[in-house]
Structures are given as structure tokens and as C-alpha cells.
């Protein structure tokens, strides 16, 4: 079966009250439209066609890199009119799958079933029963249960509005009859629009069987029209992600307080994740990784046995096995920690590599640096990497000991097994195996008295 996925994404989304097109709002870190595109890609369709409209330049700027055919709907006159814009991309022998850019939770298995029901004499239609069907087109069946037509709510009679089975808008149909029915669409309805749903009655009139498929859960076909619905779908999505991770062996201390806004590309055994953790981008977690509360990770690789303690922020970093990071640590992009490294509280590491067993435990900034094996960096150490024009590197060789409150003014090299005395400002390379310090000699002044404050005269005096 040759399938063309047609994603309708031209709606303005006025109820979002946003300058951003509705389909560019995000769930799970991805635009609504990108969720739908990924579904089409997973189905291995021959071509994906995206019909866009409101905020078209923004949509193309954000997602124009996707390998899809983009077609503009300059005047928005309904779903039937949107499909008409793509008619030149529809082959007679192809199966057209109509999806919506604001329905992001649809499952691949559901759509595969729908496609299976579309054939030479049948039209596949995705419907769902809702306790509150307000706002949806109703599925009208005859006494034997055969689908006859779809009636939009504004055009429905009171009896038809009582029907709980509704149209999701998602359907699959062969190209040749679809093109024929599109030509016959009329806009003589309450909205003055061309309804794609009208093709159902045309199909029935020609003897086609309407094969209605139901999703596993109504959540799959929920759309986004306002911020409240966006938040509701975000929670539904995150519940699914949390359940999937627990099924893969992850311990989540509270699944309701975990957000995955990307994908875990590698997952080891016995991973534990505490509350209020956010994972973004591509994340790799090795065996027995422990992630503490209130941690943010983005595009990060974490080796086995690593502990990331509370309130740490890590982005674009690689952390070697058995390392310990935090609490309140920050690793910025292109930071690479080897095995057994310790990064402690209120330490920031930026674009630096730190070799096996080295420790930066307290209140330090390590930027544009290379730190060797077994190095101890004392509290309050700063690599002064920026001269106002360019960044420069600091190199600390194996076994060095950096005393507290040290400034290393780059470019500078600290030699192997060197010791830097506390409170030093190092501006030149230091030799191996010796003590280097640059602080002024301590002086005690005997008999010195602290100045006294002038005594204020009272009013009585």
C-alpha cells in the first residue's frame, strides 16, 4: 500500500491567545506538529504533505527542515478546502491518510488499523465515544449500525446532538474517489466552509462501506485548542512516558513529578530518578545511575554508577562512570568528566575536560580548562579564561593541588604534582613538583588601635 500522509496544520488557534501558531506549541519538548510528523515517518509513508496557513513563516522557520512537502492554504475555508490544496500530490492509486497537526498523541498501532480498513470499496474512519461530545461532528448510523454520514454540531438536530459517537477527523481513503468527492463538496452550511466530513455521505451514496475504527483510549485523539487543553495533554503525555520508563526498569520516586521532554537513547539497569527531574534532548543513562531531586539534564551522557545530586543543572556534558556531581552543580556544554570525578556544590564547569579521580568540590568556576588525573581543586578556585576579547585555556597537569581561593589567569599551565598556595593569583606557568604562591607577606602591627567613632552630643548637653 502506497500511503500519502496529509497533515492539516493551517488553523489559527485564536483561543491560544498567542503570537505563535498553534501547531508550534510544545508537548514533551516537541511541537505539536512534529509529534504528528514523527507518527507519519514511523508509518514509512511515501510522502508527507503539510498544509499550513496562519503563521506560515514561523512554521517553516521552525520545522521547514523536515523532509516533507509544504503547501500553503492562503484562505482557510474548512478542512475540505485544506485537502483540496494538496490534490496535485494525490495519486489515484495511493491511500491518503488525513491527520491533524494539533492531535499529537495518536498511536502508530491505531493508525495502522485504520489504514488496513481503507480499500477499493471502503473508507477508514476513526471515531470515538465521548461522555461529553460537545463541539464534535456526530456519527450518524442507520438501524443496522452502518455509518451514513457525519453531521457537524452547528448543523445537527437536537436528536443528532444526543449522539455520543463523534468524528475525530482522521480518516484513510483511496486517492481516486477522494479527488472525485472533493470536486463535489459544497459550502452551504452554517459555517460557510467546505467540510471534509461530507465525503462520508458521498461514499455511502456510491456504495462504499464506512469502516469505523476506535482508538485504544480517547486520549489518543484529543486536540489542542487552548492553553488548558495543552496542559492537560502534556500531563497525559508525561504519564505515558513515566509508565514506559517504569516498564523498562526505572524507579521513579513520583511518576507525577517527572518530565521527559526528549528521548532516552540509552538506558541501563536499576536507574533511580527522584522527584521534579526534567530530561530534555537526547539522554543516555548507564547502569545504577542515581538522579536526585530537582535536577535538569539536557543532551547528556551519564555513565554507570554516577550520582547526580539535588538541584544540579547539566547540559551537553559527558559524565564518566562512578562520578559524583552536585548538589547545586552546573555542567555546561562540552564538559567531559572521566571516571571517578567529583564536582561539588556551587561548582560550574564549562567546556572543560577533567581526568580520572580529580575533584572540584566547592564554590569554583572551571572554564576552558584541561585538568589531569588525581587533581584536587580547592574551594573558591577560579579559572580566569576571558580577557575581554578572547577565551584562553588553563591546563592543570596530573597530581596537582590547587589551594583555596586561587585565581588561575589563562593562558596558564600548572605543572605535574605542583602545589599552589591558598589565596594565590597565578599568571605564569608553574613548574612541576614544587610549591608556588603569590600572596603578600602577612604583617601584624602591634599597638594598633581601631579608629573610634565620633561621639554624638546629646540634646541635653
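Quick reminder: no glycine exception, Cβ is built from N, Cα and C everywhere.
The annotation active site, proton acceptor is assigned in Swiss-Prot to 362 on the grounds of sequence analysis. Annotated UDP-N-acetyl-alpha-D-glucosamine binding site per Swiss-Prot: 8-11, 22, 73, 78-79, 100-102, 137, 152, 167, 225, 332, 350, 365, 376, in sequence order. Positions annotated as Mg(2+) binding site by Swiss-Prot: 102, 225. Look at Swiss-Prot and you will find 379, 385, 386, 404, 422, 439 tagged as acetyl-CoA binding site, backed by sequence analysis. Taken from Swiss-Prot, the feature region 'Pyrophosphorylase' applies to 1-227, supported by sequence analysis. The region 'Linker' annotation in Swiss-Prot covers 228-248. Look at Swiss-Prot and you will find 249-461 tagged as region 'N-acetyltransferase', backed by sequence analysis.
Here the C-alpha separation of residue 78 (UDP-N-acetyl-alpha-D-glucosamine binding site) and the residue listed as 'active site, proton acceptor' works out to 61 Å. Comparing residue 152 (UDP-N-acetyl-alpha-D-glucosamine binding site) with residue 362 (active site, proton acceptor), their Cα atoms are 65 Å apart once rounded. Of all the binding-site residues listed (11, 78, 101), 101 sits in the most crowded Cβ setting, with the most other Cβ atoms within 10 Å.
Checking the binding-site residues (8, 102, 225, 332, 376, 379) against residue 362 (active site, proton acceptor) with a 10 Å Cα-Cα cut-off leaves 379.
Taking each Cβ in turn and tallying the other Cβ atoms within 10 Å, the top scorer among the binding-site residues 102, 152 is 102. Reported as a whole number, the C-alpha separation between residue 422 (acetyl-CoA binding site) and residue 376 (UDP-N-acetyl-alpha-D-glucosamine binding site) equals 12 Å. Residues 16, 25, 27-28, 104-105, 219, 222, 255-256, 258-260, 264, 267 of the same chain sit 6 or more residues outside the region 'Linker' (228-248) yet have a Cβ under 8 Å from a Cβ within it. Around the Cβ of residue 385 (acetyl-CoA binding site), the number of neighbouring Cβ atoms within 10 Å comes to 23.
Here residue 225 (Mg(2+) binding site) comes close to 13, 15, 16, 22, 102: these same-chain residues lie at least six apart in sequence, with C-beta atoms under 8 angstroms from its C-beta. Listed in sequence order, the residues of the same chain lying 6 or more apart from residue 379 (acetyl-CoA binding site) and placing their CB within less than 8 Å of its CB are 361, 362, 363, 364, 404, 405. Sorting the region 'Linker' (228-248) by DSSP state (H, G, I as helix; E, B as strand; all else coil) yields 20 helix, 0 strand, 1 coil. Taken residue by residue with DSSP, residue 386 (acetyl-CoA binding site) is part of a strand. Considering only the binding-site residues 11, 101, 332, 376, the residue whose Cα is spatially closest to the Cα of residue 385 (acetyl-CoA binding site) is 332. Residues within less than 8 Å, Cβ to Cβ, of residue 8 (UDP-N-acetyl-alpha-D-glucosamine binding site) and separated from it by at least 6 positions along the same chain comprise 51, 79, 82, 83, 98, 99, 100, 101, 169.
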